[in-house]
Ligand SMILES: NC(=O)C1=CN([C@@H]2O[C@H](COP(=O)(O)OP(=O)(O)OC[C@H]3O[C@@H](n4cnc5c(N)ncnc54)[C@H](O)[C@@H]3O)[C@@H](O)[C@H]2O)[C@H](O)CC1
Ligand SMILES: [K+]
């Protein structure tokens, strides 16, 4: 049984839907209080902090990390996390699903800031087999259908000792429906979501993952 708790011990907000989350983000941006880029930076920092809190052994810059980045803003969070973990001395390899040049603006900016060449997901298995930490930034609240078999097969190449972290929602889960669409989902040990839990998070915790709810300033 995994635990669901807030990153900084604050009171847990009530469950909200993906739609409500998008509305909160939209309002914060429309009001000028926040920007998409700031929200993405905050999301990436929260995941980084939650990783180092759960596995302090990564704080010393030891360890190999693989990040799987998707075609949207969940992928954007992944590029922020890649930069933040590299700044902490970890060796981070990033594999992208889709063409990064077609990323939404905030995610594209973070991909470009990394300065990496884009490496497709199909090249990930070799690195995944020896990774100490794998981060699923493929899909979050924007998942609309089940994962393809080749994505499921990539998940199967992770080594037994890899710590597995999902950004916002483990890819494959419908955040609102609290079910896995299709046949596969990323087998997360730790899930870091933002602002408030979504309907899927209680079931994800019940199935064994630790779920951290992090404030991102909304
Ligand atoms: N909303 C907020 O307050 C914040 C959101 N952040 C992060 O952004 C994602 C949501 O990003 P979005 O671009 O809307 O969707 P995803 O990245 O989850 O999905 C990308 C894209 O993928 C396509 N797609 C959906 N299902 C599939 C599939 N099975 N196979 C292939 N492609 C698929 C679809 O077109 C989607 O648009 C959220 O989870 C957060 O991580 C901010 O960074 C923080 C604030
Ligand atoms: K994810």
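Here the Cβ of each residue, glycine as well, is placed from N, Cα and C on the backbone.
These figures come from a predicted structure and were not determined experimentally.
Over in TrEMBL, the protein carries these features:
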type: DOMAIN; residues: 21-218; note: domain 'YjeF N-terminal'
type: BINDING; residues: 73, 74, 75, 76, 77, 140, 141, 142, 143, 144, 145, 146, 168; note: (6S)-NADPHX binding site
type: BINDING; residues: 74, 136, 171; note: K(+) binding site
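DSSP assigns residue 74 (K(+) binding site) to a helix in the three-state reduction.
Checked against ligand 2, the binding-site residues 77, 145, 171 give 171 in sequence order as having a Cβ less than 6 Å away from one of its atoms. Taking the mean position of the Cβ atoms of 74, 136, 171 as the K(+) site, the remaining same-chain residues with a Cβ inside 8 Å of that point are 68, 70, 78, 137, 138, 139, 140, 166, 167, 168, 169, 170, 186. Mean pLDDT across the domain 'YjeF N-terminal' (21-218) comes to 97 in this model. Under a cutoff of 8 A between CB atoms, and with a sequence separation of 6+ in the same chain, the neighbours of residue 145 ((6S)-NADPHX binding site) are 181, 182.
The Cβ neighbour count for residue 75 ((6S)-NADPHX binding site), using a 10 Å radius over every protein chain in view, is 29. Most Cβ neighbours within 10 Å among the binding-site residues 77, 136, 168: this distinction goes to 77. Cα of residue 143 ((6S)-NADPHX binding site) to Cα of residue 171 (K(+) binding site): a distance of 8 Å. Using a 10 Å Cα-Cα cut-off from residue 171 (K(+) binding site), none of the binding-site residues among 73, 75, 77 qualify. For residue 143 ((6S)-NADPHX binding site), other Cβ atoms within 10 Å of its Cβ number 24.
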